[in-house]
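Novice: According to TrEMBL, the protein carries these features:
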- C188, C195, C198, C204: [4Fe-4S] cluster binding site (BINDING)
- 39-186: domain 'HhH-GPD' (DOMAIN)
Amino acid sequence: MLKAERYRHFVEYFSKNQPDAVTELHYDNPYQLLVAVILSAQCTDKRINQVTPKLFERFPDAAALAASDADEIFTYIRSVSYPNNKAKHLAGMGKMLTEVFCGEVPSDLDDLQKMPGVGRKTANVIASVVFDAPAIAVDTHVFRVANRLGLVRASTPLAVEKQLVKNLPENTLAIAHHWLILHGRYICVARTPKCEICPLTWFCKYYAQQNTETALLKAEALKFRKSKDAKKKKIQKAIVKELVKRSVDKDI
Ligand code: SF4
């Protein structure tokens, strides 16, 4: 299948089935989204949504964060991953947002990345979600699913981002980020993707590769099935074990 076709199927499927996909982080304004995204690094959205209501109540804007310090912020975010670093980042971000950007979240990617705790991924989320910019943030889900589906062939987040930006229609970039994240979070999970319930098997590169491999293994196992040679029997046994692990036909 040509890459262009894969992209077309991807956009068609999700446009039809998830036309309103959005982030699962709770927020009411750009400042709150920025805080939530900084906190969400290597942590679940569910956990972040548990801590942000009290955090936003105590720190309703950048000025409130700037007037506080990392020690106090820490007490509100102690249950998220890396709370010490994130508390320092939020304190620094609050100061810079207040002093340099007059309390307004900037739209420029370079400006965003000047703030503590804001890397390329976070900047892209803010740019696309808040400012509708043609950018796509690549997190672990986007990275994995885009590679598995065969939309990209890349080993770094930046390379994934560049290929997605090049190939996706500009007006789908922002929502494609959510499509890939949600698919990766609930179906194409990291360890054992739930291909048996995935509606994308028919154009997924990874699924095709797995099926080809399984077919080859089956053929190999059948070849050795009636052999009396101990070595071949051993190989056949190992293959059957692998196939059983993959939950395929056990009666070889
Ligand atoms: S078919 Fe499997 S590997 Fe491919 S996208 Fe679906 S869950 Fe992921």
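Cβ coordinates come from backbone N, Cα and C, glycine included.
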Novice: Could you name the residues, excluding C188, C195, C198, C204, of the same chain that surround the [4Fe-4S] cluster site, i.e. Cβ within 8 Å of the Cβ centre of those residues, in sequence order?
Specialist: R148, L149, I187, P193, K194, L200, T201, Y206, Y207
Novice: Secondary structure at C195 ([4Fe-4S] cluster binding site) (DSSP, helix/strand/coil)?
Specialist: helix
Novice: For the domain 'HhH-GPD' (39-186), would you mind checking the mean pLDDT of the predicted model?
Specialist: 95
Novice: Do any residues at least six apart in sequence from C204 ([4Fe-4S] cluster binding site), in the same chain, have a Cβ closer than 8 Å to its Cβ, and if so which, in order?
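Specialist: Correct list: R148, L149, G150, C195, C198.
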Novice: For the domain 'HhH-GPD' (39-186), what does DSSP give as the number of helix, strand and coil residues?
Specialist: 102 helix, 0 strand, 46 coil
Novice: Write out the long-range same-chain contacts of C188 ([4Fe-4S] cluster binding site), meaning residues 6 or more apart in sequence whose Cβ is under 8 Å from its Cβ.
Specialist: H141, R144, V145, R148, L149, K194, C198
Novice: For C188 ([4Fe-4S] cluster binding site), name the DSSP secondary structure in the helix/strand/coil scheme.
Specialist: coil
